[in-house]
Amino acid sequence: MDTFLFTSESVNEGHPDKLCDQVSDAILDACLKQDPESKVACESCTKTNMVMVFGEITTKAQVNYEKIVRDTCRGIGFTSPDVGLDADHCKVLVNIEQQSPDIAQGVHGHLTKKPEEIGAGDQGHMFGYATDETPELMPLTHVLATKLGAKLTEVRKNSTCPWLRPDGKTQVTVEYRNEGGAMVPIRVHTVLISTQHDETVTNDQIANDLKKHVIKPVVPAQYLDDNTIFHLNPSGRFVIGGPHGDAGLTGRKIIIDTYGGWGAHGGGAFSGKDPTKVDRSGAYIVRQAAKSVVASGLARRCLVQVSYAIGVAEPLSVFVDTYKTGKIADKDILALIKENFDFRPGMIAINLDLKRGGNLRYQKTAAYGHFGRDDPDFTWETVKILKPKA
């Protein structure tokens with residue numbers, strides 16, 4: 001039997017890049033909660049003792065940017081210099097301007113265009129992917145790496161492993177076989193976890209606790225065997241972490257946010273962007289389309305691409321590839337997708353309820369992946385059953 005190895009990684013919410021994603025999306029949430037028509041392009045960066053937010057925001061909302069930054073960092077667990085950042089004493093820099101009037105007139109006509117007329121906020125191409133290898137219709141490598149990262153945070157915050165600190169990374173290698181284009185996981189080949197820890201814990205305790213409290217509850221026993229390799233803090237020491245260990249930037253973890261290297265990626269990041277930014281809304285609608293194809297039994301794997309021009313409402317192209325797993329021809333699946341999904345940015349925002357912010361709606365997306373989540377706020381995960389014409 002021919003098999004191959006494929007690997008996906010994840011980072012948890014204390015990674016400096018992910019901290020920045022969460023800050024940017026917390027600001028988006030605050031703007032949309034008060035003003036659903038907010039136009040937000042918010043970037044963040046961080047290094048030792050400093051967080052900066054910068055970008056273009058046009059909103060009627062009254063937003064205390066500094067408070068949002070500090071609250072977000074505190075919620076993650078950055079509460080002292082020892083762990084990499086002190087939310088209450090770090091420097092917070094803010095450099096926010098209004099959206100360019102050139103972009104505003106071209107995209108939404110300074111808020112005068114009807115929803116169906118609103119143009120894309122920029123050019124670009126976005127991909128959605130789905131696969132039947134997991135209940136989430138997501139790649140197993142990505143699902144396991146992401147859940148390991150989430151479990152690391154859970155056992156840190158509930159004090160199961162009090163030696164844990166906020167920063168951490170995971171990586172999972174799975175052995176697969178190709179079944180006529182569909183991906184069938186056979187076993188987990190390697191699990192890698194590198195987690196920040198305090199000064200006192202031993203490497204033996206780190207390894208034992210990670211196996212017992214993180215790996216065992218997350219990785220199904222059917223995928224583990226005597227030959228599974230574990231690399232647990234292989235560098236030997238990870239005390240200095242968070243923004244003290246590495247600088248962080250919004251939009252640096254786009255593969256972790258999506259499909260773990262499977263499918264394809266157009267290059268655009270998600271966090272800090274309102275729904276007129278098709279980097280985000282376009283990627284959400286094509287995930288819904290690809291997931292609906294697989295959930296409807298039309299294919300075992302599906303990739304959907306959409307592309308846009310700035311200021312133009314209709315997409316330039318829509319593409320489908322089922323990797324030869326389709327029950328009907330790809331061109332017929334494409335026709336079904338075009339009939340059932342409206343790819344115009346203004347209509348995506350309405351149909352997926354993307355103008356609704358607050359209550360961590362977008363901040364939740366900024367750690368542990370935007371897709372495959374069982375949460376009603378992730379409206380793009382809702383399946384539309386697609387039926388071929390008789």
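Backbone N, Cα and C define each Cβ position, glycine as well.
What Swiss-Prot records for this protein:
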- E9: Mg(2+) binding site (BINDING)
- H15, D167, G168, K169, S235, G236, R237, F238, D246, R252, K253, A269, K273, K277: ATP binding site (BINDING)
- E43: K(+) binding site (BINDING)
- E56, Q99, D246, K277: L-methionine binding site (BINDING)
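Locations of recorded Swiss-Prot features on the structure.
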| residue | record | DSSP (3 states) |
| --- | --- | --- |
| E9 | Mg(2+) binding site | strand |
| H15 | ATP binding site | coil |
| E43 | K(+) binding site | strand |
| Q99 | L-methionine binding site | coil |
| G168 | ATP binding site | strand |
| S235 | ATP binding site | coil |
| D246 | ATP binding site | coil |
| K253 | ATP binding site | coil |
| K273 | ATP binding site | strand |
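Counting neighbouring Cβ atoms within 10 Å of each of the binding-site residues (R237, K253, K273, K277), the lowest count belongs to R237. Neighbour counts of Cβ atoms within 10 Å were taken for the binding-site residues H15, Q99, G168, S235, D246; the minimum is at S235. With respect to D246 (ATP binding site), the closest of these binding-site residues in Cα terms is E9, chosen from E9, E56, Q99, K277.
Here L-methionine is bound by E56, Q99, D246, K277 per the record. The longest Cα to Cα distance in that group is 30 Å. Of all the binding-site residues listed here (E9, E43, E56, Q99, K277), E9 has the Cα closest to the Cα of G168 (ATP binding site). Geometry remark: the residue listed as 'Mg(2+) binding site' versus S235 (ATP binding site), CA distance 17 Å. Of all residue pairs in the ATP-binding list (H15, D167, G168, K169, S235, G236, R237, F238, D246, R252, K253, A269, K273, K277), the one with the greatest Cα separation is 42 Å apart.
Counting other Cβ atoms within 10 Å of each Cβ, the binding-site residues E9, E43, E56 show the lowest value at E56.
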